[in-house]
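Visitor: One structure is given below, represented as structure tokens, and several questions about it will come after.
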Amino acid sequence: MSTPTAADRAKALERKNEGNVFVKEKHFLKAIEKYTEAIDLDSTQSIYFSNRAFAHFKVDNFQSALNDCDEAIKLDPKNIKAYHRRALSCMALLEFKKARKDLNVLLKAKPNDPAATKALLTCDRFIREERFRKAIGGAENEAKISLCQTLNLSSFDANADLANYEGPKLEFEQLYDDKNAFKGAKIKNMSQEFISKMVNDLFLKGKYLPKKYVAAIISHADTLFRQEPSMVELENNSTPDVKISVCGDTHGQFYDVLNLFRKFGKVGPKHTYLFNGDFVDRGSWSCEVALLFYCLKILHPNNFFLNRGNHESDNMNKIYGFEDECKYKYSQRIFNMFAQSFESLPLATLINNDYLVMHGGLPSDPSATLSDFKNIDRFAQPPRDGAFMELLWADPQEANGMGPSQRGLGHAFGPDITDRFLRNNKLRKIFRSHELRMGGVQFEQKGKLMTVFSAPNYCDSQGNLGGVIHVVPGHGILQAGRNDDQNLIIETFEAVEHPDIKPMAYSNGGFGL
């Protein structure tokens, strides 16, 4: 480490202060650039690394945040903020034992810190649960019962929320197998009228459906998801009057989802929607978004589709708020049903044999094919490696080849990887989500890959647009320097106002900065 000149120290301090301004304005990517410039000028200052770690954390670059915290602590072992940020980065990477060590250091210096205390309790809970899973070995999976497919609706009949319910009504059919055992539920009268009343008379007024209704909706939707392959195939080449709209992360931003449908049109026989994962967590209306999507799936099974994202998983839901939101609004049992229904979601969608849509990105195996995706056994929690995990977690990078992920899970894949996969599988483009893009939709890797992100002003802080990709064969709108595909239309939308409830308002995990 070379000793910086006095002039470089002064310039570095200026860049750090500029980065701090961007952080206050919640422009975290710009802040990262300024902190990096400061570090390039003077790499002896612990605070520059811990500040950049904060900005990396805010854009989900958890591995990069952790690496910066390591350097900050090496330079200054008394940098308490760096310990806190490293602990939270470890939690995001599901490394709870490592996080607990840093939290204990923090609490030794600040015994009454409420956020650290809450985070430590969360770590302890995860560690206990992991010990329990290891203690029972494989018995858990062997004994796992599908709550959705064995649902007994009458078990909800005594609940007070049902007796007091005055909202729109649903009719249910209790299903049985050939041995007369409970086999889930079916909604007999799902309608646009019910969905509209559910949204306007309940959700927009801060009210909830009875738990019996929610359980039946989840069970019915789960049955539909289970009937779909791990890679769904959609086609509108032969029906050019049918639009397919591909949307990215929505993260519980219910009011923005409603605005999306208002702006781009409702689901119907002439308009198919595909939401590309991460529709829960972060935002504080994740239950409302999930129930709206599940109702739309029941009403329009051939025109509404969901891919699974990395946040449709148990560990993410425990950390980022969906489990706690479910428990607050409904019950642990309802969350468990949602969690099992997430295991039924497809992992990818192929449109017109041209466009492959997955939440994260391409697998690291160079021989991977579409047939491999079809054959993935998806009915489980995502593993820590392999194509299943990579479809949910991988990110693109500008450099060729494979690289480490800034998130710490998955990997980064270069334009050569994308080009080879497209050629080998005779595809035009990859559509993926998983990362915020300020413009809502971004063409990357020489136009071979597109990232679509549909949560405008993400977490009430980023100021980004939301985006949508419409697949309209032969009727696209070309845009110089942007859209080069005659089959696509790119549109964006801004965030709308919502009640003053902060992101992750129901979370008890102590996960935040």
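Glycine too: its Cβ is placed from the backbone N, Cα and C atoms.
Source: prediction; values computed, not measured.
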Visitor: Could you look at N310, N315, N400 and say which one Swiss-Prot places alongside D278, H359, H434 in the Mn(2+) 2 site?
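Guide: The record-listed residue among the candidates is N310.
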Visitor: What residues elsewhere in the chain lie close to the repeat 'TPR 1' (12-45), defined as a C-beta under 8 angstroms and at least 6 residues from its ends?
Guide: 1, 3-4, 51-52, 54-56, 58-59, 75, 438, 461-463
Visitor: Say you check the Cα of H311 (active site, proton donor/acceptor) against those of the binding-site residues D249, H251, D278, H359, H434; which is nearest?
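Guide: Closest by Cα distance to H311 (active site, proton donor/acceptor) among the binding-site residues D249, H251, D278, H359, H434: D278.
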Visitor: Quick one: mean pLDDT on the repeat 'TPR 3' (80-113)?
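Guide: PLDDT averaged over the stretch: 95.
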Visitor: Across all chains shown, how many C-beta atoms besides its own are within 10 angstroms of the C-beta of H311 (active site, proton donor/acceptor)?
Guide: 26
Visitor: List, in sequence order, those binding-site residues among D249, H251, D278 whose Cα sits within 10 Å of the Cα of H359 (Mn(2+) 2 binding site).
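Guide: Of D249, H251, D278, within range: D249, D278.
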